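Input: a single structure, listed below in structure tokens.
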Amino acid sequence: MLSLIKLQRVFNVHQVPKAFHEDGIISGYRHPRSSATECVWSLFQLTNETLNVWTHFLPTWYFLWKLMTVLLMEDVWNEAYTWPLLVFLFSCCVYPLASSCAHTFSSMSTRARHICYFFDYGALSFYSLGSAISYSAYVFPDAWLSSSFHAYYISVAVFNTVLSTSLACYSRLGLPLLHYSHDIVERFSERQCPRMSKVLRILAFAYPYLFDNIPLFYRLFVCVGEGCTDNEANSVHVQHTLLAFLTSFLFATHLPERLAPGRFDYIGHSHQLFHVCAIIGTHFQMKAIEMDMGLRRSQLLASAPAISFNNTIGAALLCVSVSLGIICVYSLPLLYSSNPKNTANKE
């Protein structure tokens with residue numbers, strides 16, 4: 001099969017539009033006007049995006065297997081206690097799949113690149129909500145069960161998801177309806193303000209993560225005495241937390257390629273490492289959640305607020321609907337703005 005694949009030409013950073021540039025990456029860029037077929041074939045040759053795709057596409061199947069196992073082994077239709085885990089596992093399938101698709105098809109055009117990453121951001125925001133829903137059901141420390149914070153936790157997490165998707169999309173192109181019929185380049189763009197775009201994007205995902213983990217951080221690092229939920233899952237939660245901060249560090253710093261531009265273009269650059277750390281961290285997060293779910297089942301069913309459709313699947317459906325609406329609002333100006341060829345050339 002590989003012998004039938006026509007290898008695509010790769011380009012250096014000076015041969016592609018600035019919208020496609022990555023910090024510290026000098027070579028290995030695909031053609032910025034690739035067809036969908038060429039994008040797929042490019043996954044079977046080494047470019048600076050190849051491992052970005054595979055490091056998320058392959059783990060998607062692992063998380064899908066975990067999801068299907070729960071669906072087949074548990075009485076999910078009648079057992080509401082499993083619903084938060086289902087939402088979390090589904091979000092674990094969605095975010096790496098959306099990421100791998102974004103990295104695959106982002107070289108079709110400037111517009112396609114933006115839209116692909118809009119969906120990527122929406123999927124990451126949905127994953128943050130999936131984490132919050134599972135934390136509310138299984139991870140909250142005993143001392144905080146049925147507290148006022150617990151009562152509003154999911155509602156705030158839903159709002160954070162909407163805010164995260166909006167801010168992340170804004171970080172690429174600014175307000176979506178500003179200069180609706182004008183070229184993209186006339187609006188705020190990542191190309192014009194790369195540092196501000198990076199700060200906004202980090203904020204868009206750091207804030208929901210920090211909020212989601214308030215009960216976990218309190219449980220692990222602050223709480224002493226009774227009501228602190230000290231069990232075997234805590235050490236696994238710590239592993240996930242360390243990997244989450246390492247993931248954030250790699251995403252924010254672009255190390256090691258910033259120290260040696262061109263050395264890590266194909267293998268070993270920060271985005272690949274960031275993907276690997278994120279997936280391993282998600283694995284430990286899933287393991288810790290499943291441990292808490294089993295170890296604390298009787299206590300949570302007796303003391304925690306009742307798990308309902310509204311605070312699990314309903315919240316997830318609302319998040320998906322609103323995020324898709326936000327993505328559409330940000331994407332429409334790209335699809336209908338004037339002079340598409342000129343816009344692509346300027347970008």
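Just so you know, glycine gets a Cβ as well, placed from its N, Cα and C.
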Do the topological domain labels in Swiss-Prot for Ser35 and Cys228 match, putting them on the same side of the membrane? no
Stretch contact, the transmembrane segment (202-222) with the transmembrane segment (115-135), Cβ-Cβ under 8 Å, 3+ pairs: yes
Mind pulling out the one from 115-135, 139-159, 236-256 with the most Cβ pairs under 8 angstroms to the transmembrane segment (315-335)? 115-135
For the topological domain 'Extracellular' (336-347), the averaged pLDDT of the predicted model is 49
